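Structure first, then comments.
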């Protein structure tokens, strides 16, 4: 019995892992953007007295998105490898 995968299996695996990678990446960026917005809304009035609440929230959203967007792809790759190792380990156990 052969363990070789067909072309369709490879395409499915690529789509599956790309989706998992995007899920992790976009989830982390969303969390970072939300956190940045909330932190800037709480602390922004202390440091940015001349700005409106709307501008402070947008600045926090932008900053949180940029900072989390830098780290999210690398963390997502590591999480994908950890998930793949866990799935392989579970598949090999009797």
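For all residues, glycine too, the Cβ spot is worked out from N, Cα and C.
Automatic prediction, not curation, is the source of TrEMBL annotations.
Listed by sequence, the residues of this chain that lie at least six past the ends of the transmembrane segment (21-44) yet keep a Cβ under 8 A from its Cβ atoms are 51, 53, 56-57, 59-65, 67-69, 71-73, 75-77, 79-80. Per TrEMBL, the feature transmembrane segment maps to 21-44 (among others).
Residues or ranges marked as transmembrane segment by TrEMBL: 56-82 (among others). Listed as Cβ neighbours of the transmembrane segment (56-82) (distance under 8 Å, sequence separation of 6 or more from its ends, same chain) are residues 17, 20-21, 24-26, 28-29, 31-41, 44-45, 48.
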